[in-house]
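To keep things clear, I will list the structure first and then write my remarks on it.
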Ligand code: G4P
Ligand code: NA
Ligand code: NA
């Protein structure tokens, strides 16, 4: 997606540790027009997939997921993060481990908001190591819902998330694929659209 690529080139900053900072339009301030265009793009890509619900994870997945859900005319649900491992009832809960932050987080969705047989589209901001996506897939599986696909705005192709999702046989659509952030330069994969 050209508009997102251009925004990354204009406003993205590469931080140490292969992190792309995009807080001026995605992770803190949000470019609403861009999010709207992103919503339309994913809605087109998944137009023939009879999506019943969009599932995301707080906090940075919520903005794009909301726009996709609006375009598809379906509800959006986001998984919440809990710091402590307290037991809650009537929730689907998984433990996420972030390689980036080396921290465990418990992620939960109330059982009322996912129903067996529902066709679910997962939307998130980044695909890095795929831990968030894998956790959401587990939750979908517990609910006996159907994971139709994953849409991410920015895929870091040099990390392992894509392989993980291919192994899990989940259709993954990235709006932008980055093959390298070495030396502060953003290099896009040729096949990134
Ligand atoms: P994974 O889900 O793909 O395995 O990602 P990982 O655990 O490695 O990433 C942890 C957090 O860092 C996630 O957000 C993820 O979206 C974000 N992240 C990964 N790589 C980048 C990057 O290059 N730039 C930015 N800006 N974020 C990145 P989170 O902790 O769940 O936070 P949030 O959704 O509340 O923002
Ligand atoms: Na995220
Ligand atoms: Na983030």
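Heads up, the Cβ atoms here are built off N, Cα and C, so glycines get one too.
Marked as xanthine binding site by TrEMBL: 20, 27, 156. Within 10 Å of the C-beta of residue 20 (xanthine binding site) there are 18 other C-beta atoms, taking all protein chains into account. In the three-state DSSP reading, residue 20 (xanthine binding site) counts as strand.
The domain 'Phosphoribosyltransferase' annotation in TrEMBL covers 33-157.
Summarising the annotation, TrEMBL assigns 5-phospho-alpha-D-ribose 1-diphosphate binding site to 128, 129, 130, 131, 132. DSSP gives residue 130 (5-phospho-alpha-D-ribose 1-diphosphate binding site) a coil state; it is part of no helix or strand. Within its own chain, residue 130 (5-phospho-alpha-D-ribose 1-diphosphate binding site) has 159, 160, 161, 162, 163, 164, 165 as residues 6 or more apart in sequence whose C-beta sits under 8 angstroms from its own.
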Subject >> Which of 27, 129, all binding-site residues, has a Cβ with the fewest other Cβ atoms inside 10 Å >> reply: 27
Subject >> residue 131 (5-phospho-alpha-D-ribose 1-diphosphate binding site) and residue 27 (xanthine binding site), distance between Cα atoms, whole Å >> reply: 18
Subject >> Between residue 156 (xanthine binding site) and residue 129 (5-phospho-alpha-D-ribose 1-diphosphate binding site): CA-CA distance (Å) >> reply: 8
Original post:
Judged by the number of other CB atoms within 10 angstroms, which among 128, 132 is the least packed of the binding-site residues?
Top reply: 128
Subject >> Inter-residue Cα distance where the pair is residue 131 (5-phospho-alpha-D-ribose 1-diphosphate binding site) and residue 20 (xanthine binding site), in Å >> reply: 18
